[in-house]
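The following features are taken from TrEMBL:
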type	residues	note
DOMAIN	23-287	domain 'NADH:quinone oxidoreductase/Mrp antiporter transmembrane'
DOMAIN	289-341	domain 'NADH dehydrogenase subunit 2 C-terminal'
TRANSMEM	59-80	transmembrane segment
TRANSMEM	92-110	transmembrane segment
TRANSMEM	147-165	transmembrane segment
TRANSMEM	201-224	transmembrane segment
TRANSMEM	236-256	transmembrane segment
TRANSMEM	276-299	transmembrane segment
TRANSMEM	320-344	transmembrane segment
Amino acid sequence: MNPLALTIFLLSLAIGTTITLSSYHWLLAWVGLEINTLAIIPLMTKIPHPRAIEAATKYFLTQAAASALVLFSSLINAWQTGEWGVDSISHLPMNALSIALMMKLGLAPLHFWMPEVLQGISLPTGLILSTWQKIAPMTLLLQTSHLANLHLTIILGLTSILIGGWGGIGQTQLRKIMAFSSIGHLGWMIVILKFNPDLTLFNFVFYIIMTASMFLSLTTISATKMSEVSTSWSKTPTLTASTLLILLSLAGLPPLTGFAPKLLITLELVKQDATLLAALIMLASLLALFFYLRLTYVVSLTLPPNTPNSFSSWRTSSKSLTITAIMNTLALVLLPLTPTLLIFL
């Protein structure tokens, strides 16, 4: 892609998210979401392949439907209250707004677009879709969390954790695995949204760090399938080992970074007398733990070929390796810094 065009699209992505984050008016928030949607579509189709065109079409249709629902609910709110402020939304359109924002995030049962779209695009665009594109709708959900329907958030969150685990079990394509992983992690965030929005924000920050590091690692070793990760073992052993550890961090195993949000969310639910809900989401997340462990075991121990075809090692750019190394370190060792981060947030 032309560097000038790429710069314009990336700036549009940044501007769209910034408009939504800084807006007090629902119309401005909607405009920011629309700029975000339209700016990423050319990035999806920069590789002219039928799968990429199909993915961009599916993404556009689902995001357009969700944006229309956001605008519809804000219009009903303005009609009822006479105000367009983000914090002035009434209870009637709040359910429609929550469903629209959850559709933009890719929460179950509105998740069907997410694995297909992520599978059809390149890894760098998948990184943007899985991290940056979720910031604006998640911020709007956090701003309206005090009005959210408790039953709706719990049902959709629990469903997302289940679907995220079930969907990833039979997958061998890494992008689809990351899509179902995203659905499962967003389920944890939505479950705790009404109880403690600060924990949702904390979990979201950790999710972005871990997902970004995973996508950067896969981009560096050019792997989209499990077998391709196993062949990279002999070429870049340190990077491959850290990639497998990030998978375990995404699973939430101690003493890695991903354990902190799951522990704090479970403790908060128990403190709020929702012990049954805490037990249910922990049991549901065992499905995701199974496919993460299976993926790690299969890639590291059993998938052939594990020997190099040549004696020359890969030449990767030092710049990309530096960024990847920093993100991988954050995705693995942030657990001891959790109390400090909580105070900061």
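Placed from the backbone N, Cα and C atoms, the Cβ positions cover glycine too.
Nobody curates TrEMBL annotations by hand; they come from automatic prediction.
Only sequence-distant pairs (6 or more apart) were considered; of these, at least three Cβ pairs between the transmembrane segment (276-299) and the transmembrane segment (236-256) are under 8 A, so the stretches are in contact. Nonlocal intrachain contacts for the transmembrane segment (147-165), taken as residues 6+ away from its ends with a CB within less than 8 angstroms of a stretch CB, comprise 89, 91, 94-95, 98-99, 102, 107-109, 111, 141, 180-194, 277, 280-281, 284-291.
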